[in-house]
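J.: The annotation transmembrane segment is assigned in TrEMBL to 18-36, 341-358, 365-383, 395-417, 437-460, 472-492, 545-563, 902-921, 933-952, 958-979, 1007-1027, 1039-1061.
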Amino acid sequence: MAGHPLRPLVRFTLKQSVFINIVFVILMVSGVYSLLTTPVENLPPVDIGKVMITTVYYGANAEDVEQLVTREIEDALDDLDNVEYIQSNSLRNVSSVLVKFLDDTDYQNQYDELRFRVLNIRSQLPATVDDPLFTYIDTKTWIPVIVANLSAELPNRSLKALAEALQGELQSIDGVQEARIDGDQTQQFEVRLDPEQLRRYGVSFGRVCQAIADANGPVPSGRFRQGAHNLLLDSGATFASQQAVLDVAVQLGGDRQALRVRDLAVAAEVDYRDPDVISSINGRNAIRLLVHKEDRANAVDIANTVRQRVAAFDARHADLAIETVLTYDSTIEIDDSVRTLGGNMVLGMALVTLVLWLTLGLRNALLTAIGIPFSFLATLILIRLTGQSINTISLFSFVLVSGIIVDDAIVLVENIYRHLQLGKSRTAAIVDGTSEVFLPVVSSALTTILAFIPMLIMSGSTGEFFSVIPKAVSFALFASLVEALFILPLHVRDFGPAPRQLAAGRARTGPHEDFHHLRQGPFAFFWRFYQPLLQRLLACPGRSLLLGLALFGVALAIMGLSLSGRLPLIKIKFFQDSYLRYHVALQLPAGTAVEQTDRIVRDIAHHLYNLGPGQTLAASGSAGYLEDRDYAVHRAQHYGQVVVTLPPQEQRALPGGNDAVDRYIDRIHDQLQQYCAAHAADWGLRPQLNVFGENTGPPTGKAVNIRLTAPELAQAQAASTALLDWMGQSAELADLINLEDDRSSLQPVLRFTVDPQRAEEFGVATGSIQQLVASALNGWPAGMYRTADEEIDLLVLLARQQEDGLGLADARAVLRTPVIEDDRGPLRLEELTRLEWAQEADVRRRYNGRSSVTLTADIRAGSSLSASRVQHLVSGRLDQLRRQFPAVSVAFGGEFESTGRAYRSLAAAFVIALLAIYLVLATQFNDYLQPVIILSAIAFAFIGVVFGLLLSRTVFTISSFMAVIGLAGVAVNDSLILIDFMNQQRRHGLALLPAVLSACSARMRPVLITTLTTLLGLLPMVLGIPYKSVTWAPMATAFASGLVSATLLTLLLIPAEYVLLEGAKTRWRRWRTGNRRQSRPPGGRKTV
């Protein structure tokens, strides 16, 4: 070791004790500061890259909405760059167009271009269409920090006033970006005309509307110049009293008496617009305040402050019996994550320290374990500097890396410890031990970092969601490397074991001096079995290698069959959610009023809330819309949803166990089906139910999503019917639940059809008559009305039938309303139109310009069926389906599409990681083939992953795949240092087999210690101690089982591979030397 080139660097480091200790303290203090000030949130912000365009065309049926609005918007976006798909739903009154941009493109620039294009065609849309509403879907604006549900038995106006008061208090909280009110009803001033009075006086509905509109509103009249001054003129005023509206003159009679609005109106008053959405909480009236935070704000601090402000607000208004229920509380999710992942991490760190104590002694254990908090705190500094947050994903990264970050320190301390046992002084042992493993430690840390870094190439929202893991792991590994190489040697010199503690280890004797450190201590037992087994394997290295290849081939076959869906030996799932909330989505028959939807929503919410605090924390109801699994909102009065918040883990008491939330949700689905069947007679209908857990990971859609598109809707529906029938009868698909398609249902429509000849005879445009019908029933806008604190819409409409008999008995009575004042007398609507009943589709769907029907299903919890297996089975049926319906195209979406896309990205990342690791190893060893031996440890890890998941019946998820990639860096570390020591022993003059045995004896202990520490760091998560993380346990299981396999096979098969390779090299060199000698003539010159 006297001539090792890195010894001067180590000696120089040892001389800089003051500087290094000051830097160490500064970094620790800065890390604590970062821990206290870095933003905390449940999940990292993710741009999904979707835009929802919602356009209201009041009074239009689904077909007219599609033709006049939806297709115009689709045409405007037809050649927009970087668009993956355009999906549209056209319902009565509403057009909804969802645009998905290609992954990893400039979403904001494309969103601006999209808005420009749609707004540019505004003039091409019907005049009565509302301006399009654009909703950019991302988690930063979509998922609130907390939601305050203000509930009381008060009129909506009073409840809204209270909500506005609370809104002001919440928006003043530091870090709150917005506290948005949702669920309040809109006020308007309604003038309700009596149709009988219109007929009596012969006044048309349009004339009354025009008279009110003409009398309403200020009119700027310019200015009048008086000498050197300008006098500003104004005329008219917005109505501000009921009296002013009722006094409007409609026409003058023959005796000059004016016919006024009061003579024709049943009522003129402030009222509420018929709601499109009704909110409730636990079955009671509610208005919601959605609290969103700024990017750099702390979610925990905001939620805690909201809790305090809400409690004080309720106390001040106790006389009104206000109850504010908090839902979507991210602190519950964060606390659960901290409790689970933090508990796993602390317990893992304790176990790591315990193992180090038992194997290296107490002082060495403490010196090594210091690297864990140092690395985490240094990582927090880098997280803060790079603008990231502390969240569930970063916490998991810390758990994952808690056992890995001490590997460098273990290798270094163990090697110093070994040199001390050889009788060297402390300084000499530190210099020699550190310089001996300096480059291998750098290479091992670099290979691990290079294994994780390529995960950043994962595309889309999934890649953005998981990008925290490679960043956090790389930061921690870099920090641990710096601590191990530059800080730890100094600490070992100052605080390491005293020489007398090592006296027993200095009595080396005889030919076994290379193995003396293994003849005592906790590894002596393992060495007694390992040494003879290794000698047997080295005696026949070819057979040993064949055994490894056979195991790898079997593992590869098992995974290939499972991924393809041909034989589901291992269940494949995109992401294993640990559900914190679940949704009950309701779809009632088309045409159901929102009030009836609200009644059913409240009944179901009340039923679920009464399950008790162990199962339901809150049940938030919404009638008039629902959210799907991809965060997209679907609006219609016959849609509804109940979002149930589960209690925190320590309060949860779910039937069947708290860890089986997916099975509990299936149980709730079955229970609600029975509940709806029992109450169908009372409700007068039975809703369709879909119960699903709310994603805590990237959006994936349903487990099964099969999209059928065709030029004509009838073709897609016929193909869907055939496929649905086959899937429903297939025994292999018996575990599918909620199997359905999204075809539209028919609803009855009362259609007013204008007689064009009669309209032409009286000189009336067809469109104006249609507008009169819609306005008479739903309201004619006649300006604004000023209340005490705001201006609201003023509408004129025909009154519905009152208790005194005044008003329209039903919609058909509008036919007797005068619409034209003619010389021959008032002309009624029934003279210009005819009335007929019709059936129309409640929704028309399109995908990339073609009519579409989407078939969806969930997979029952606990089933071995997977999305890939369903895809495989359905694909076998597609040939027959295409022959029967040649115009229909079929595509798979949902979880299968998400899984395939993510796995392709990870496969590319895996290849890049392998190439990068190979490049580092080839550079270090200056050899082409030895890096291949080192990389074979990855195959050993893969064997463990597959058999570990197979035997434990654990699901293989996207996080499990990431574990395989991470193992690519961790698994090669042991083989890297093992091969490096073998080469050193060969350079010192040892023969091949003695060199291999000597290297294995020197590295067996650190290899086992590093494996044990990594395993024990993950063990609490694998076993679920103190709490189990359903989301991250599969990744921990895959990582742990792969590491065990990689370690054992590395210690057994890497030496055999090395012997085979070096033997082959020796034979090659001999063969080349022999050929060269034979090619030379007797005189020593080459023959030509």
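The backbone N, Cα and C atoms fix where each Cβ goes, glycine too.
For the listed features, I'd like the structural context: burial, neighbours, distances.
T.: Through the fold, the transmembrane segment (18-36) approaches residues 373-374, 376-381, 383-384, 390, 486-487, 490 of its own chain, all at least 6 residues removed from its boundaries and within a Cβ separation under 8 Å.
When Cβ-Cβ distances below 8 Å are used as the criterion, the transmembrane segment (365-383) is approached by residues 24, 27-28, 30-32, 34-35, 38, 349, 352-354, 356-357, 359, 389-390, 394, 398, 401-402, 405-406, 408-410, 413, 471-472, 475-477, 479-480, 482-484, 487-488, 491-492, 495-496 of the same chain, each at least six residues removed from its ends.
With a cut-off of 8 Å between Cβ atoms, the residues of this chain six or more beyond the transmembrane segment (395-417) that come close are 337-338, 341-342, 344-345, 348-349, 352, 356, 360-361, 364, 367-369, 371-372, 375-376, 379, 429-430, 433-434, 436-437, 440-441, 444-445, 448, 468-469, 472-473, 476-477, 479-481, 483-485, 488-489, 492, 496-497, 966, 970, 973, 977, 1005-1006, 1009-1010, 1013-1018, 1021, 1029, 1032, 1035-1036, 1039.
If you look at the transmembrane segment (437-460), the same-chain residues 6 or more away from its ends with a CB under 8 A from one of its CBs are 6, 9-10, 49, 103-104, 404, 407-408, 411-412, 415, 466-467, 469-471, 473-474, 477-478, 480-481, 484-485, 698, 901-902, 905-906, 908-910, 912-913, 916-917, 920-921, 924, 962, 965-970, 972-973, 976-977, 980.
Within the same chain, residues 569-572, 866, 868, 903, 936, 939-940, 942-943, 945-947, 950, 956, 1049, 1053, 1056-1057, 1060 sit at least 6 positions outside the transmembrane segment (545-563) and bring their C-beta atoms closer than 8 Å to a C-beta of that stretch.
Proximity of distant same-chain residues to the transmembrane segment (902-921), defined by a Cβ-Cβ separation under 8 Å and at least 6 residues beyond the stretch ends, is recorded for 443, 446-447, 450-459, 462-463, 563, 574, 930-932, 934-935, 938, 958, 961-962, 964-965, 968-969, 972, 976.
Residues 548, 551-552, 555-556, 558-559, 569-570, 914, 917-918, 921, 960, 963-964, 967-968, 970-972, 974-976, 979, 1034, 1037-1038, 1040-1046, 1048-1050, 1053-1054, 1057-1058, 1061 of the same chain lie 6 or more positions beyond the ends of the transmembrane segment (933-952) yet place their CB under 8 Å from a CB of it.
Within its own chain, the transmembrane segment (1007-1027) has Cβ neighbours under 8 Å at 336, 339-341, 343-345, 347-349, 351-352, 354-356, 359-360, 399-400, 402-404, 406-407, 410-411, 414, 523, 526, 649, 659, 970, 973-974, 977-978, 1033, 1036-1037, 1039-1040, 1043-1044, 1047, 1050-1051, counting only residues six or more beyond its boundaries.
Beyond the ends of the transmembrane segment (1039-1061), by six or more residues, the same chain brings 400, 530, 533-534, 537-538, 541-542, 544-545, 547-548, 929-930, 933-934, 936-938, 940-945, 947-949, 952, 963-964, 966-967, 970-971, 974-975, 978-979, 982, 992-993, 996, 999-1000, 1004, 1007-1008, 1011, 1014-1015, 1018-1019, 1022 to within a C-beta distance below 8 angstroms of the stretch.
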J.: Would you kindly list the residues that approach the transmembrane segment (472-492) from elsewhere in its chain, counting only those six or more residues past its ends and only Cβ-Cβ distances under 8 Å?
T.: 10, 13-14, 16-17, 20-21, 24, 364, 367-368, 370-371, 374-376, 378-379, 382-383, 393-394, 397-398, 400-401, 404-409, 412-413, 416, 426, 430, 434, 438, 441-442, 445, 448-449, 452-453, 966
